[in-house]
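Read the structure below first, then the notes.
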Amino acid sequence: MWGFIVTCGIFLVLLCQLRLLSKRKSKSTPYNALLPNVTVFAMGGTIAGCANSSLEIVNYIPGSVGIEKLIEAVPAIKAIANINGVQVTNMGSENLTPADVLKLAKLILAEVAKPNVHGIVITHGTDSLEETAMFLDLTISTAKPIVVVGAMRPSTAIGADGPMNLLNAVAVASSNQSMGRGTLVLLNDRIGSAFYTTKTNGNTLDTFKSYEAGSLGIVLNQKPFYFFSPAVPTGKVFFDIYNIKQLPRVDILYGYQGLNPKLAESAVHLGAKGLVLAAMGATSWTDDGNEVISSLIREHNIPVVYSHRTAEGYSSNSCLGIPSYFLNPQKARYMLMLAISSGYSIRDIEDLFSIK
């Protein structure tokens with residue numbers, strides 16, 4: 001008898017707790033018809049990372065916090081937009097694959113097609129953030145704002161930058177001033193074009209820069225201020241990924257003194273359908289390396305794009321293959337992958353990368 005009473009008591013307590021939780025949830029995420037709707041796709045990374053100490057900013061586990069907790073940590077967001085959080089993956093961005101990025105792009109395409117969705121935010125690890133951002137910039141043709149955001153400090157750190165970055169990203173995605181600007185990268189109050197923005201430092205907060213192209217704007221008190229009217233980067237094109245099920249393998253080879261020229265052959269034999277060379281200087285490659293590249297182009301009709309290992313620079317058309325011009329190796333790689341997927345010939349790819 002007493003056991004039955006105790007069981008009933010426990011049941012009632014749990015029922016009350018569930019009701020309280022449901023009430024709290026409904027209060028914490030109210031819908032405001034006057035606010036824009038923003039969908040946040042979560043991919044993991046440092047912004048969702050946790051460490052054992054609030055002083056630890058190096059040794060932590062990325063992708064430890066779910067999208068719900070990330071949103072809850074920034075209550076001011078609900079005054080800016082109605083948020084719909086979607087967990088796509090939850091890992092360090094070094095482990096993301098082209099398949100993951102293709103999946104994300106298709107999810108975003110479906111989301112921006114909804115008339116009630118104003119903008120998109122993607123939380124992402126910073127290690128490969130620029131690659132995902134570039135892919136989205138080349139495949140999502142919409143005027144709606146798409147903002148990729150990350151953090152350099154885990155969520156557990158003193159002075160964690162993730163919450164403010166996320167708040168600013170939602171503010172940018174909610175603003176009509178962000179319309180028609182392509183995919184944007186937002187960290188440390190700066191707004192950059194995905195086409196040009198790159199990570200320049202492995203540790204500091206002010207790591208994402210656009211070098212010669214410059215920032216598009218800044219965020220002050222959750223309001224974006226743009227320096228220019230919306231414009232399309234020179235050389236930017238859109239690829240239709242609706243029928244693409246799998247992206248071809250494209251490898252990046254790094255130039256250095258005494259490089260092994262056979263590495264290019266190995267990459268092709270292991271399945272690479274294209275190569276991007278992070279060449280020395282303005283597309284310098286070793287003589288014996290160029291002999292191998294020439295043979296691969298002749299025998300396999302494989303596209304080879306010459307980029308540069310320098311932080312800035314212009315890859316000229318003096319190289320043996322296709323110059324990437326201002327695109328760094330990692331950005332050129334995704335453009336080449338999409339071109340191959342779309343059936344581009346080598347001549348088409350040359351025209352794609354050229355700056356008229």
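Cβ from N, Cα, C; glycine included.
Here Swiss-Prot flags 1-22 as signal peptide, drawing on sequence analysis. For 36-356, the entry in Swiss-Prot reads domain 'Asparaginase/glutaminase', with the evidence type sequence analysis. According to Swiss-Prot, the feature N-linked glycosylation site maps to Asn37, Asn52, Asn176. According to Swiss-Prot, the feature active site, O-isoaspartyl threonine intermediate maps to Thr46, an assignment based on similarity to another entry. Annotation source Swiss-Prot lists substrate binding site at Ser93, Thr126, Asp127, citing similarity to another entry.
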Check: Should Asn37 (N-linked glycosylation site) be counted as helix, strand, or coil on the basis of DSSP?
Finding: strand
Margin query: What whole-number Å value do you get for the CA-CA distance of Thr126 (substrate binding site) and Asn37 (N-linked glycosylation site)?
Written below: 25
Next item on the list: Given the recorded positions Asn37, Thr46, Asn52, Asn176, state which is nearest to Asp127 (substrate binding site) when distance is taken between Cα atoms.
Entry: Thr46
Check: For the recorded positions listed here, Asn37, Thr46, Ser93, Thr126, Asn176, which shows the highest count of neighbouring CB atoms within 10 A?
Finding: Thr46
Next item on the list: For the recorded substrate site, whose residues are Ser93, Thr126, Asp127, find every other residue on that chain with a C-beta no more than 8 angstroms from the centre of their C-beta atoms, and list them by sequence position.
Entry: Gly45, Thr46, Gly92, Glu94, His124, Gly125, Ser128, Leu129, Gly150, Lys199
Item checked: Candidate nearest Thr46 (active site, O-isoaspartyl threonine intermediate) in space, where candidates are the recorded positions Asn37, Asn52, Ser93, Asn176 and distance is Cα-Cα -> Ser93
Checklist line | Packing count at Asp127 (substrate binding site) (other Cβ atoms within 10 Å of its Cβ) | finding: 18
Note to self: Counting across all protein chains present, how many other Cβ atoms fall within 10 Å of the Cβ of Asn52 (N-linked glycosylation site)?
What the structure shows: 10
Item checked: Averaged pLDDT score, the domain 'Asparaginase/glutaminase' (36-356) -> 97
Margin query: I'm trying to understand the geometry here, so how far is the Cα atom of Asn37 (N-linked glycosylation site) from the Cα atom of Ser93 (substrate binding site), in Å to the nearest whole number?
Written below: 26
Check: Roughly how many angstrom lie between the C-alpha atoms of Asn52 (N-linked glycosylation site) and Asn176 (N-linked glycosylation site)?
Finding: 40
Check: Could you state the CA-to-CA distance between Asn176 (N-linked glycosylation site) and Ser93 (substrate binding site) to the nearest Å?
Finding: 30
